[in-house]
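According to TrEMBL, the protein carries these features:
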- 697: active site, proton acceptor (ACT_SITE)
- 258-273: FAD binding site (BINDING)
- 259-291: domain 'FAD-dependent oxidoreductase 2 FAD-binding' (DOMAIN)
- 307-527: domain 'Glucose-methanol-choline oxidoreductase N-terminal' (DOMAIN)
- 619-749: domain 'Glucose-methanol-choline oxidoreductase C-terminal' (DOMAIN)
């Protein structure tokens, strides 16, 4: 889909022609993974997507009023000027799954032939001269562009997917690549400063978790054993733990013992770790991602998305219609989220208490948990200066008489930073890696990074406390160490799965749990985006990537006082490569003009509280299979909010507004913002629906219930099937929230952790 972010580089970097390029030791062999014919077709595609154009095509005025040398060079540039096509090929090889890469390479081969081009391009490949059919590379530029446009709006999903894959690989590559100084040659033309200058130049304090995180992938044999032991882990024999659960182990495996093992270090796992460690229990936290402390954060878009996001930021639903973003690093989603810290809305609490009969959500205990969480995170609503995008949202809402309010944030009022989706280099945003995990570490907990839980271990429950207790009892976790075949067995008295609504269900399924709700009822807060362009001097000051990411919101379309199922208006953060991949492409000239407007394009997100749900499961290779289709009634509510978002942008002074529909043109507001044409445009966009979807919140895939027929875990978030196995993350939420879920997830995890404390004390006294 248009929202995909396809492509980042891994491995050792070397400098060639002033750009960072991946060095596999045999770059020529890497590139020749594509045949000469395929590379020729790829070069032609690159030239079609990003052609060298005369300055006249830009529409820039040569009297100097909006002309710059940088803009001229940007227009004249073509991607494959000796430094681009091979990188695009590398990107495709590195990020595409083998079956997808095979298809695209076949497409490239077909485009290198006349017959293949005719099959893929139809009449655009025809010529008046012999042999009357041209291969793609021989087509005139305007015909190449027409082929791409035909693919982009084709009724066949294959052609749309081909367009998105090539467009995404190219644009991500083009705007995320940097030279040895960490700069990209086109950032200046689009007025992007690169990594936050203030954060990069600031004096960074030491790693808050430095002494408590073990990167197990970097240690072997006695070195790993020694590190585990020095962090207070009791060593055990892998063969003994494996035999208890009747699983296989090898001579290279390791084993430790603790009171509680927690899978995941995000909003759920981090809170649970602090509560349990401070209660006196030995806690081991497993995190499949790496630990990037403050001074490790370079705030570069390509590196950050690759290193901190699930599946390198490339995860999408199986039908390719929604891009999904989730954290995969120490701190989880809290390390890369946008700071919004809403308490669970009252109407949601009532629904969970009354409809789902879950007493927790009407209790003093839960409200106290929210208070504790908000206090620990320093949640407050103030800001000293509002960013360009948030000021636009506020101004437009006020002009229309719409609701607008301040977003509570887990950051201070002076935190004016638009890079927190790449981690907070100054540590002002209070992620779990700055708060709860620090508390846990101070209480002797240990965090094992690059350690991916493979299955929960459980054995027959021979010492049941009561006759009606469960037949199985959790005895720990077996995890994979890094990308190797080595395993680490962790024997524990209690186990908490807190790897998020995408990863927890596959873990439970792999562990043999059968409850039908596990992996179902997945809610994703589907997001659609609208945008407005504000030339310099029009509307609020600033650039789209600067300042607090979220400080303003509108619940005008959220229906909080009626059905409570609607959509919020908020602001996102889009850096150049992300912006380039999701904005519509209609021609090379159109795309370059779009990118020149980047810094003054305000985007608003329509965040839907979805009633419909999807599923999540693991594929044989361990990657995720997410299936989700937005319901008709959900789409209708989202479309209503999309219309409101467009009106807000126009009311704030945008001269041009649009959506991410590939086949819906933008609207020049200056030609009639209050005219019949404007109203018709907004209404037509709302009626069309089906815009590209994005997701940053995942919930409900192992929801709480008062019976096995209603939920994947019980009201205490303990498994129905395995004693001592708890779930403490967003997957237990009964429904979607309609607001950013961080505070709700942490509050639930706080309660779950106390349930585990009660369980351990009960077991100890039995």
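Every residue gets a Cβ built from N, Cα and C, even glycine.
Note that the coordinates shown come from a computational prediction; the quantities given were computed from them, not determined experimentally.
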Q) By Cβ distance under 8 Å, which residues at least 6 away from the ends of the domain 'FAD-dependent oxidoreductase 2 FAD-binding' (259-291) in the same chain are close to it? A) 207, 209, 213, 215, 232-234, 307-308, 327-335, 373, 432-433, 435-437, 439-441, 443-453, 476-477, 479, 490, 492-500, 503-504, 507, 728-730, 742, 745-746, 748-750, 752-754, 756-757, 760
(Q) Around the C-beta of the residue listed as 'active site, proton acceptor', how many further C-beta atoms are within 10 angstroms, looking at every protein chain? (A) 26
Q. Where's the emptiest Cβ shell within 10 Å among the binding-site residues 264, 268, 270?
A. 264
Q: Determine how many residues of the domain 'FAD-dependent oxidoreductase 2 FAD-binding' (259-291) DSSP places in helix, in strand and in coil.
A: 12 helix, 11 strand, 10 coil
Q: Could you measure between residue 258 (FAD binding site) and residue 697 (active site, proton acceptor) for me? Cα positions, answer in whole angstrom.
A: 31
Q.
Summarise the domain 'Glucose-methanol-choline oxidoreductase C-terminal' (619-749) as counts of helix, strand and coil residues per DSSP.
A. 47 helix, 23 strand, 61 coil
Q) Across all protein chains in the structure, which of the binding-site residues 260, 262 has the highest Cβ count within 10 Å? A) 262
(Q) Measuring Cα to Cα, how far is residue 260 (FAD binding site) from the residue listed as 'active site, proton acceptor' in Å? (A) 27
Q | Rounded Cα separation (Å) that holds between residue 270 (FAD binding site) and residue 697 (active site, proton acceptor) | A | 17
(Q) I need the CA-to-CA distance for residue 266 (FAD binding site) versus residue 697 (active site, proton acceptor), whole Å please. (A) 13
Q: Determine the Cβ neighbour count for residue 272 (FAD binding site): the number of other Cβ atoms within 10 Å of its Cβ.
A: 33
Q: Please give the average pLDDT for the domain 'Glucose-methanol-choline oxidoreductase N-terminal' (307-527) in this predicted model.
A: 96
